[in-house]
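Below: one structure in structure tokens.
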């Protein structure tokens, strides 16, 4: 079965992510561990953690994915911001391990005036420090593919390969975001473009290291370098790009997570649209 789900709210109590996932008929879910646009960290009670584990077992929703705060910038040249980001990631990863969350997705950082090579080095050094403080046994640390706006690092397979290289023995991997890669210049909505991107991933990162797919259409044109998500089939990617991913013999084994605009019942509608694109037999490569 192809697992399709959405990003859900974790407000009030973390265990409620499973209630919210069940309400929309999600097979898998993603959520924030704390407010993504605030440095404030909310400590979770033992009771809340126990409820989280209990509801996960009861609902059968799996895999479970946490997304990092948007404030973190592991590439920053500002030592205060970078240290704050490192400590924030450590805190979030420790909670992921405690709750046995499967995947932790992060936007690695922005160069903001640095050369790309310097920004990449800063990210690698930051992650080394993080892994010296947190040993990942249950959770995979996933770099998200990014659109390339405002100096984002992680927009190409080459950049992601550099970020992955020092951590081959760790629980690391990649989360592919369809909107981001399309906006970054990978034309995944035609056959040649999709298989070219698939081949690049395979050679430079290894398909086995791709763990999650963020399923988002794009409000902006191809190669726009802008991160603007749209409902499935209503953006410039169109249905074809999602059909390629959902029916690919490898990608269809992964969780597909919607991060489309949160209006009315659109998570339900978007999941239905994705499910209609699934064929019985995968397309072999």
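Heads up, the Cβ atoms here are built off N, Cα and C, so glycines get one too.
I grabbed these lines from Swiss-Prot:
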BINDING   67, 107, 144  Zn(2+) 1 binding site
BINDING   144, 177, 214, 259  Zn(2+) 2 binding site
BINDING   180, 227, 229  Zn(2+) 3 binding site
In three-state terms from DSSP, label residue 180 (Zn(2+) 3 binding site) for me.
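DSSP call for residue 180 (Zn(2+) 3 binding site): helix.
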Distance between residue 180 (Zn(2+) 3 binding site) and residue 144 (Zn(2+) 1 binding site) at the Cα atoms, whole Å?
9
According to DSSP, does residue 214 (Zn(2+) 2 binding site) fall in a helix, a strand, or coil?
strand
Between 107, 229, which of the binding-site residues has its C-beta surrounded by the fewest other C-beta atoms within 10 Å?
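Per-residue Cβ counts within 10 Å for the binding-site residues 107, 229 bottom out at 229.
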Once the chains shown are all counted, how many other Cβ atoms turn up within 10 Å of the Cβ of residue 177 (Zn(2+) 2 binding site)?
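Looking across every protein chain shown, the total is 26.
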Out of 67, 180, which of these binding-site residues shows the lowest number of other CB atoms within 10 Å of its CB?
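Across 67, 180, these binding-site residues, the one with fewest Cβ atoms within 10 Å is 67.
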What other residues of the same chain, not counting 67, 107, 144, have a CB atom within 8 A of the CB centroid of the Zn(2+) 1 site?
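Counting only non-site residues, the set is 68, 70, 105, 106, 142, 146, 175, 177.
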